[in-house]
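Visitor: So TrEMBL lists the following for this protein:
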- B:53-232: domain 'tRNA(Ile)-lysidine/2-thiocytidine synthase N-terminal' (DOMAIN)
- B:56, B:57, B:58, B:62, B:88, B:166, B:171: ATP binding site (BINDING)
- B:282-311: domain 'Cytoplasmic tRNA 2-thiolation protein 1 C-terminal' (DOMAIN)
Ligand SMILES: [Zn+2]
Ligand SMILES: [Zn+2]
Ligand SMILES: [Zn+2]
Ligand SMILES: [Zn+2]
């Protein structure tokens, strides 16, 4: 979902060139309008854009000199812009050369889509090869080899069709109704054990076929993709992963997270770093583009003639109301069109919030998404969770 | 073949609960609905024995069901509460007249004392007069701000310990979304609280319906044949809130649990240390709790009375400056140099 969904909207975005207005920096004529930040000439826009990227890295000094960084490249607008920025930043002629060593990881998700986009993946590989950086193509189904996590998560989705919050509700054993669910999970586990011969691709297919709603499919794919990137990058000797998520994408994710009951994961899912989520399993996912908007990215790509490749995703040719994420994307993009400041407002709101039991600490993490646990309901007060448990218990 | 009730396994199921999706018979639905609210009241420690509680009664479904349920639960579980109805007459022709009639019928049926307070008495303006002045675009700002204060003022007059409002889970989820979209951290923090009123002099407000779905309230009122007034306020909400409401309705149709999930999300977050929240002051004019020198209601009133009705609809800080400015202008006109110094 991260970059994937955003792609659908990118072709419509063309940089707006307006004449007769002056650049806010140098007052030259013929300028580009970017969101709420005023108008720029081409040169000043370049400076502004790369400054945003460097400033974001400077404020969050997690990448040290000579670190190896894997860019999660998808061919889409966001990661293509990021790749271009990194290429420029490493150019010997650049004043302040970037100090890390990059590589590229492309997650091949074609197993999920009926159409065979062999040519497009070839195109993506070509782009990656031309950078001269080391690159890796990782098939999504590889996640199946990593743990039974995939099948496990799928079965839970199948039964409850809910995300984290509700899934964990289901594990409270004191409620009679829930023992039933645990029983079903155990059963499936045992069948799976005898089914050792299943290939990773079959496992993944079984998983996605078992998920009944597009909301859960998209959520699962997002979680799997993050997990795979983090873990694979570690295996390949990288220190961090760069994600291409923009402020627009994050505003959508913030609202989706809220609607899916995952508020507690906002800092991990939308912050500069994903914190301790994959500690011990993989490396940190970082979001150096989180202060750029979708529109700025589109302008940058158009000005620099950055090649992009569009691959279909789960949201492709689905209706707006087919999932929580699609609806939210449509909602945010619609609002941004009428009220351009919305996206930064949502983004900043989220920056000021943290989860009540944020990092793992002693509590451990969710076995399904590796996120912070938000299902400890004290008996001292009324909470949505307690209420839900009560509702389930009396019915 | 008729579907049998999921709970009692005996009677014919009459409805599918919006919240859980289970098919229930009428009696089991009443029992589940009321038990959940009782559970919320007990776990949230909403009331203490012997308290006087004003129920904000608008004649609409939420407050009618609230009055009914609180009366039933108060008797069933011996809460020992003294329940009162408190109505606000905004002065909206065709809306309030009829809904006040409903409240009066409810008063007789539930045998609870009723007090009606009008905007005209409280502020010198009816909503109709305000709309005439400012048009239909921003009237919900006025209505909301004035109503909130009106309940408090009325509650103070009645000498009650708490105000119970009919805010349901849908309302709270919508408010959470609105506050994220507006970036209002302070309100975001406050709107998930089940009891509000941090100031000791303010009367705490409680929300027994915090986790109750609007659809279930409607179903309860329908099956119980409760007498309520069902017309939406004729002055419809502003565009932005309208978007948020439509978004929430769509979310609910995709995933019914979204409403409670949003509240859960809100409850699991807190404001980072170091984020400045507006401090709680008291309005210099009326004494109401406010984040500014002047409370929103007083700013809006000032605008109305001065013939600048748009005042107070935008950013509050700007307005305060503007007000200060106009005050000092006045002062200088009347030649009071000392007054200018005081204002600055
Ligand atoms: Zn310039
Ligand atoms: Zn989880
Ligand atoms: Zn029954
Ligand atoms: Zn005041």
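The backbone N, Cα and C atoms fix where each Cβ goes, glycine too.
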Visitor: Enter the number of other CB atoms within 10 angstroms of the CB of residue B:171 (ATP binding site).
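Guide: Within a 10 Å radius of the Cβ of residue B:171 (ATP binding site) lie 20 other Cβ atoms.
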Visitor: Please report the three-state DSSP label of residue B:56 (ATP binding site).
Guide: strand
Visitor: With DSSP as the yardstick, break the domain 'Cytoplasmic tRNA 2-thiolation protein 1 C-terminal' (B:282-311) down into helix, strand and coil residue counts.
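Guide: With helix first, then strand, then coil, the domain 'Cytoplasmic tRNA 2-thiolation protein 1 C-terminal' (B:282-311) has 11 helix, 3 strand, 16 coil.
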Visitor: When DSSP states are folded down to helix, strand and coil, where does residue B:88 (ATP binding site) land?
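Guide: Going by the DSSP assignment, residue B:88 (ATP binding site) falls within a strand, counted as strand.
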Visitor: Would you give the longest CA-CA distance, in whole angstrom, between residues of B:56, B:57, B:58, B:62, B:88, B:166, B:171, the set recorded as binding ATP?
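Guide: For the residues that bind ATP, the greatest Cα distance is 19 Å.
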Visitor: Taking the Cβ of residue B:57 (ATP binding site) as the centre, how many other Cβ atoms fall within a 10 Å radius?
Guide: 31
Visitor: Return the residues near residue B:56 (ATP binding site) by Cβ distance under 8 Å, restricted to its own chain and a separation of at least 6 in sequence.
Guide: B:63, B:86, B:87, B:88, B:151, B:163, B:164, B:165, B:166
Visitor: Counting across all protein chains shown, how many other Cβ atoms sit within 10 Å of the Cβ of residue B:58 (ATP binding site)?
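Guide: Excluding its own Cβ, residue B:58 (ATP binding site) sees 25 Cβ atoms within 10 Å.
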Visitor: Through the lens of DSSP with three states only, how would you label residue B:171 (ATP binding site)?
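Guide: In the DSSP reduction, residue B:171 (ATP binding site) maps to helix.
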Visitor: Specify the count of other C-beta atoms within 10 Å of the C-beta of residue B:166 (ATP binding site).
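Guide: Within a 10 Å radius of the Cβ of residue B:166 (ATP binding site) lie 23 other Cβ atoms.
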Visitor: In this predicted model, what is the average pLDDT of the domain 'tRNA(Ile)-lysidine/2-thiocytidine synthase N-terminal' (B:53-232)?
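Guide: Within the domain 'tRNA(Ile)-lysidine/2-thiocytidine synthase N-terminal' (B:53-232), the model's average pLDDT equals 85.
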